[in-house]
Amino acid sequence: MNAQEANFDGLVGPTHNYAGLSFGNVASLNNEKSAANPKAAAKQGLRKMKQLADLGFAQGVLPPQERPSLRLLRELGFSGKDADVIAKAAKQAPELLAAASSASAMWTANAATVSPSADTGDGRVHFTPANLCSKLHRAIEHEATRRTLSTLFADPAHFAVHEALTGTPALGDEGAANHTRFCAEYGKPGVEFFVYGRAEYRRGPEPKRFPARQTFEASRAVAQRHGLDETATVYAQQDPDVIDAGVFHNDVISVGNRDTLFTHERAFVNKQAIYDTLTATLDARGARLNVIEVPEAAVSVNDAVTSYLFNSQLLSRADGSQVLVVPQECRENANVAAYLDELAAGNGPIRDVLVFDLRESMKNGGGPACLRLRVVLNDAERAAVTSNVWMNDTLFASLDAWIEKHYRDRLAPDDLADPTLLDESRTALDELTQILRVGSLYDFQR
């Protein structure tokens, strides 16, 4: 059946800021307490969506979550009217207010793991929201994520949206940032590839400096609940040394699409065995794996982390060629820029490189791949997505005007204490639900 990969990008929320909340994420820590520009951040992401849609790629939009999260702050013991809750948190525990105000749901690669209907046991598209239990500011996202996905992908004949896995370290799940899929064609059965940082119940290497956020047990549980064919499911461990170098998700060191794996030579433990397994498994499904392995001598792990070369989107054009979507930081790193020039000039599957300014997101450790959730849909499934979330000229104009109207152009950490920020955000989100036609999505609307 004809199918296409759609990318659903997260709209950056009005409270986008740099609070340095993500230990293990080098960019997040390096830019802690800098002033952010939410308006620029949202428009940078929106422009990427529009340009990719103009190039013929299926591009959807996911709305921000409500922030600050008054639910979290009240759960943590702050009481009173909304303004009082914010004031008390700002005075007594500003770090908790920062966690409650994070716009991190913009990185929808962590929203969920998605398996297309061609791979699942019941022939439906399956979504498992990620519990993101390693970080407080992200662990509060999964309920709203499930509500959003259930709203957009509402038809039970086509879609199954699960609850997140139990939020315990043994089942730490970071979503599609540690998952990719290989196939001959999007609509045919493929090979699902899960990458984990550690195993809770199996002895093996682990990072020493930064935490491994994804467990083998979580990856296996997602595969099982999606009803995947065990013979078409491959698990791999990310090299703990690269986690300690700042590769907190696999999509910072590797990206795959169709029959191509673009990866750094230090990405995986026992890499050759992984390549061999993927090759054999994909061969049984009618495709030959192309591994583009970037050597350390050309691009170091540090270069990869600072430029986010691998936190890129690898997209298939109608003619079968592929394009790599990278942040502009890749052009500012001499080693990475030289490698990309050589890559595009070669005879491999990647024939073109598109560069985007995503500076605001990048300063928090999120490149093009972080901002999107891949969802393979056949024609009937796409038709079942009835909300106004597909990017086109009209939606772009509406969202651009909405951002211009509602977003601040400067937000420093101290500004999170401003109670009017909550009112501004709710006003903006209320209007957004009308633009996207998603109904009463937020708690404050219910």
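A Cβ is built for glycine as well, from the same backbone N, Cα and C atoms used for every other residue.
Going by Swiss-Prot, these are the annotated features:
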- 19-28, Asn110, 137-138, Arg213, Asp251, Asn364: substrate binding site (BINDING)
- Glu174: active site (ACT_SITE)
- His249: active site (ACT_SITE)
- Cys370: active site, nucleophile (ACT_SITE)
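Location within the structure of each feature annotated in Swiss-Prot.
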| residue | record | DSSP class |
| --- | --- | --- |
| Ala19 | substrate binding site | coil |
| Asn110 | substrate binding site | helix |
| Arg138 | substrate binding site | helix |
| Glu174 | active site | coil |
| His249 | active site | coil |
| Cys370 | active site, nucleophile | coil |
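Distance between Cα atoms for Cys370 (active site, nucleophile) and Ala19 (substrate binding site): 18 Å, as a whole number. The binding-site residues Ala19, Leu21, Asp251 include none with a CA atom within 10 A of the CA of Glu174 (active site). For the pair formed by Arg138 (substrate binding site) and His249 (active site), distance between Cα atoms is given as 14 Å, rounded to the nearest Å. For His249 (active site), the nearest of the binding-site residues by C-alpha distance turns out to be Asn110; the candidates were Ala19, Leu21, Asn110. Each of the recorded positions Ala19, Leu21, Cys370 was ranked by the number of other C-beta atoms within 10 Å, and first place falls to Cys370.
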